[in-house]
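**Student:** Pulled these from TrEMBL:
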- 640-652: compositional bias 'Gly residues' (COMPBIAS)
- 667-678: compositional bias 'Basic and acidic residues' (COMPBIAS)
- 67-519: domain 'Cation/H+ exchanger transmembrane' (DOMAIN)
- 640-678: region 'Disordered' (REGION)
- 55-74: transmembrane segment (TRANSMEM)
- 86-103: transmembrane segment (TRANSMEM)
- 166-183: transmembrane segment (TRANSMEM)
- 195-217: transmembrane segment (TRANSMEM)
- 237-255: transmembrane segment (TRANSMEM)
- 308-332: transmembrane segment (TRANSMEM)
- 352-376: transmembrane segment (TRANSMEM)
- 397-418: transmembrane segment (TRANSMEM)
- 424-443: transmembrane segment (TRANSMEM)
- 464-483: transmembrane segment (TRANSMEM)
- 489-510: transmembrane segment (TRANSMEM)
Amino acid sequence: MDALRRPKRSAALDAIMIPMWILLSSLSGLKADDDVMEELATEKEAEESHRQDSVNLLTFILLLTLTILTIWLFKHRRVRFLHETGLAMIYGLLVGVILRYGIPATSYHHKTPPSCSLKEGPASTLLLNVSGKFFEYTLKGEINSREIHNVEQNDMLRKVTFDPEVFFNILLPPIIFHAGYSLKKRHFFRNLGSIITYAFLGTAISCFVIGNLMYGVVKLMQVVGQLTDKFYYTDCLFFGAIISATDPVTVLAIFNELHADGDLYALLFGESVMNDAVAIVLSSSIVAYQPSGANTHMFDASAFFKSVGVFLGIFSGSFLMGAATGVVTALVTKFTKLHCFPLLETALFFLMSWSTFLLAEACGFTGVVAVLFCGITQAHYTYNNLSEESTKRTKQLFEVLHFLAENFIFSYMGLALFTFQNHIFSPIFIIGAFMAIFIGRALNIYPLSFLLNLGRRHKIKGNFQHMMMFAGLRGAMAFALAIRDTATYARQMMFTTTLLIVFFTVWVFGGGTTPMLSWLHIRVDVDPDHDQQPCGDSFQVLQGDGSQAEGQSKTKQESAWLFRLWYTFDHNYLKPILTHSGPPLTSTLPSYCGPLASCLTSPQAYENHEQLRDPDSDLIRNDADLTFTFGDTSITANGASGGGADAAGGSGWSANGKRSGSTSEEALERELDSREQELLSRGTRLVFPIEDHV
């Protein structure tokens, strides 16, 4: 019987197990189907996101293309009331309006989002366990409570809002490097004292004037009830630092096109380049200001001096890092055969220059300062080692990158006015900021110009001062500094105000540059290579009649001792070590350094020393190098004579006015009265230091 019952149990068990097995199989199949559907949905979402990113980038490329075509049209029609940067901002504004209001918001999020309370700020990364699976979520940013149901549109606007690090690491380096690499050294260095004064002392004055005035504006907002959150004194100083960064790109472009006065161009360009670097270091120092004690926003002497130390440390460290990178690149290009491969040479030059910015930022310094002085060093040393093809490539490459990056930033400014979701428009703050920047600019330019004129032979004239006051535009650097941190109420208000200030100054002041030049009677159509107007802090171009030359010949060159000391050291040691130009080190170093000098001196320095003359030698002349020619009469500073005068009977005059030949007074007077006067110094202009006599 037991044997008969066992098959019945087995059959009953099979009758139960088979349906269960079928059910489990179907459930596993459904789960597999769900996984496949989930993967397909994820892939579709990734593809849609990729397509949206492509559309966003295409939008910016089309903006730049439209800007370029309009620039061509404006140049063809000789329209100067609107610069290319202003055009880029207008096109960005139009696209921003379309993205913000022209595209309907389709929302699928109708449920109220879950709420939670955090003792600290929101986490940047969140891990969630959903049905046994762990998902990672990344913080995208705060959403305005009024637009909580328009998440899809907010997501689209966030996609066209770039990470601020993109501006600092990708767009700013070529702009700043090009400024240093394309620097006109002659005009820059002969106005160097004034440029440094405006850039350092002037930026500090502007920062503290604007900061204190804005603190008064904030107190006024607090009284009238327009201030809804915290706004500290350090925030006002930070705003003063970032808004003090001038960027007169529009004015300088018009100056370059009209060939305006070279010294005025140098003063504006040099100030804008240097004060960008000063402004970013100054803002970093203000952020580093942390008083001890409970109230962290009151004045503290130790914290103040610590911030000053941070400023000096960051600036000097960034300067040394930029110069060191330029020196390394110069040595590599000198002691290798890279000039035989121009493509590799250009690529190395590009990468070394760009890496300077990232290296400085990684080491805690300021990349803007580092890449600026790297560009100046590369232009002074490395440029002389490059092949002819690489010199053209590097200049054109950074010129194109500078043009595209700058116009991209200005296009994005117009776009950000409508796509940025946390704007805070405060009429009192905006009006106060406009008044503060004008007052700060005036207290920067006019008092410092008065002080500089006390020590300058060629004064900074009143029309130059008015033009510098007018040309204090704000641009890419102020925007990049403002957008870098928009987390707090104060920073969001600063960003909105900075955008409006940039718009106003670029459109109004940039558009009024040409009429202002005419109204102030500033020279245009000036050839910078033949502009012989007296200039600068320490140098003067010789010109004029015999009496003027005689008066100028009495000048002692030792007055510019600091620059002459640097020039001598650079010409005799640094140039021969880092480039193929300059005298051989075997002739400048002591005899016991002979092996080292032979190793470091380039063979080209021995082969063709005369043709490898230092290109900066026209900045300083020795007495033996000065030769004046009046008609056919040659006059040298050391009393020697030559030229056609020798053929006529050996007549000549020394620079001190004494006769050195045997010609008649009447013949010499006829020669001096002739208008065919020229100044010769080995084919270059005569420039030498000036000493002012009281």
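Just so you know, glycine gets a Cβ as well, placed from its N, Cα and C.
Quick caveat, the model's predicted, so the values are computed rather than measured.
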**Student:** With a Cβ cut-off under 8 Å, give me the same-chain residues at least six positions beyond the ends of the transmembrane segment (397-418) that come close to it.
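**Tutor:** Same-chain residues near the transmembrane segment (397-418) but 6 or more away: 60, 63-64, 67, 84-86, 88-97, 99-101, 160-162, 167, 170-172, 174-175, 177-179, 181-182, 249, 346, 350, 353, 475-476, 479-480, 483, 499, 502-503, 506.
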**Student:** Taking contact to mean 3 or more CB pairs closer than 8 A (sequence separation of 6 or more), are the transmembrane segment (464-483) and the transmembrane segment (195-217) in contact?
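**Tutor:** No; fewer than 3 Cβ pairs under 8 Å.
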**Student:** What residues elsewhere in the chain lie close to the transmembrane segment (86-103), defined as a C-beta under 8 angstroms and at least 6 residues from its ends?
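**Tutor:** Contacts of the transmembrane segment (86-103) (Cβ under 8 Å, skipping residues fewer than 6 from its ends): 59, 63-64, 66-67, 70-71, 74, 153, 156-157, 160, 250, 407-408, 410-419, 502-503, 506-507, 510-511.
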**Student:** Given the cut-off of 8 Å on Cβ pairs that are 6 or more apart in sequence, determine whether the transmembrane segment (166-183) and the transmembrane segment (424-443) share at least 3 such pairs.
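**Tutor:** Stretch pair does not touch.
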**Student:** What parts of the chain pack near the transmembrane segment (195-217), using Cβ distances under 8 Å and only residues at least 6 beyond its ends?
**Tutor:** 188, 233, 236-241, 243-245, 266-267, 270-271, 273-275, 277-279, 282, 428-429, 432-433, 435-437, 439-441, 443-445, 448, 451-452
**Student:** Do any residues, 6 or more residues outside the transmembrane segment (352-376), come within under 8 Å Cβ-to-Cβ of it, and if so which ones?
**Tutor:** 168-169, 172-174, 176-181, 183, 273-274, 276-277, 280-281, 284, 314-315, 317-319, 321-323, 325-326, 328-329, 332, 398, 477
**Student:** Which sequence positions outside the transmembrane segment (237-255), separated from its termini by at least 6 residues, show Cβ-Cβ distances below 8 Å to it?
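**Tutor:** Contacts of the transmembrane segment (237-255) (Cβ under 8 Å, skipping residues fewer than 6 from its ends): 80, 83-86, 203, 206-212, 214, 264-265, 268-269, 271-272, 275-276, 279-280, 282-283, 286-287, 406, 433, 436-437, 440, 470-478, 481-482, 494, 497-498, 501, 506, 509-511, 513-514, 517.
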